[in-house]
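Working notes, structure below.
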Amino acid sequence: MDFRLPANCCMPICSDWSDICGDEFICKEQYFDLGPICLSSCQFNPSLYCDSLFFELGVRFPPSLEKAVASRRAEFLAGRYLAKQMLQKDGNDDLKDFEVIVGPDRCPVWPNGVLGSITHSQNIAACVMAQLPCADYYLGIDAEKILTLETCQEIESSIVTSDEMMYMKEVGFSDEVALTLIFSAKESVFKALYSFIGQYFGFEEANLVKVDREKQILYFSLSPFLSNKSGIKKILNCQFSIQGEMVMTLVFDKVNS
């Protein structure tokens with residue numbers, strides 16, 4: 001697909017809310033029309049969260065959040081708020097009142113004919129959407145705070161192979177950025193392909209085979225299991241953006257292009 005993930009779509013983590021958001025829960029909303037897809041992102045202030053914000057922002061409070069902590073409720077609200085705003089931007093009366101609920105598998109349920117994906121990390125939320133045949137396209141987005149070196153050492157073996165880390169280091173990424181990018185990219189791959197697979201699958205099912213730092217693209221080969229289930233027989237591209245302590249990754253393409 002001929003588009004690039006905007007460099008400023010991935011906002012840095014906010015450290016001083018008085019300067020950024022004032023007394024607003026949602027702030028610094030951004031909207032990007034990328035041609036085949038649209039992307040929206042925002043910052044939110046978890047310390048200002050209260051349950052009444054769901055009503056104020058026009059988002060239904062789901063039963064699945066009844067026992068959730070406030071920080072989980074805050075990030076859920078920010079993500080669903082962006083999804084609702086994007087559906088309303090479309091101008092389709094059938095979509096403006098649609099509620100992106102939580103499905104039985106805990107994944108967002110989108111309207112027929114709409115592809116979508118939501119992510120949130122720290123005080124950042126983002127949503128990406130496209131009105132395309134869901135059986136013909138795949139779409140996934142993820143944002144992560146760059147992992148600490150200590151965390152990388154603890155989880156590296158469960159996320160990446162030595163070859164994958166080698167590819168990242170060859171183009172100059174530190175261990176922390178390399179592992180975070182691969183982790184985020186594989187999360188985006190999972191979100192993009194889950195509807196085709198219909199079951200959970202591990203990170204080992206997608207393997208990094210090439211890195212283009214200039215174009216900000218990671219290239220993944222899929223295991224025979226994923227390839228056969230999804231119908232995707234090609235190398236899968238994942239775009240990325242790095243801003244401060246945050247990374248964002250995006251997977252989008254046609255199944256057979």
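Keep in mind that glycine also has a Cβ here, set from the backbone N, Cα and C atoms.
Automated prediction, rather than curation, is the source of TrEMBL annotations.
Look at TrEMBL and you will find 65-130 tagged as domain '4'-phosphopantetheinyl transferase N-terminal'.
Marked as CoA binding site by TrEMBL: Arg72, Arg80, Thr119, His120, Asp142, Glu187, Lys191. Under DSSP, His120 (CoA binding site) is assigned to a strand (E or B) in the three-state scheme. Taking a C-beta cut-off of under 8 angstroms and a sequence separation of 6 or more, His120 (CoA binding site) has the following same-chain neighbours: Glu75, Phe76, Ala78, Gly79, Ala126, Ala143.
Residues annotated as domain '4'-phosphopantetheinyl transferase' in TrEMBL: 139-222. For the domain '4'-phosphopantetheinyl transferase' (139-222), the model's pLDDT averages out at 94.
Here TrEMBL flags Asp142, Ala143, Glu144 as Mg(2+) binding site. In the three-state DSSP scheme, Ala143 (Mg(2+) binding site) falls into the strand class.
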Of Arg72, Arg80, Lys191, the binding-site residues given in the record, which has the fewest other CB atoms within 10 A of its CB?
Arg72
Looking only at Cβ atoms, how many others are within 10 Å of the one on Glu187 (CoA binding site)?
19
Test of understanding: give the count of other CB atoms lying within 10 angstroms of the CB of Thr119 (CoA binding site).
25
Largest inter-residue Cα distance among Arg72, Arg80, Thr119, His120, Asp142, Glu187, Lys191 [record-listed CoA binders, Å]:
19
Starting from the Cβ of Glu144 (Mg(2+) binding site), draw a 10 Å sphere and report how many other Cβ atoms land inside it.
22
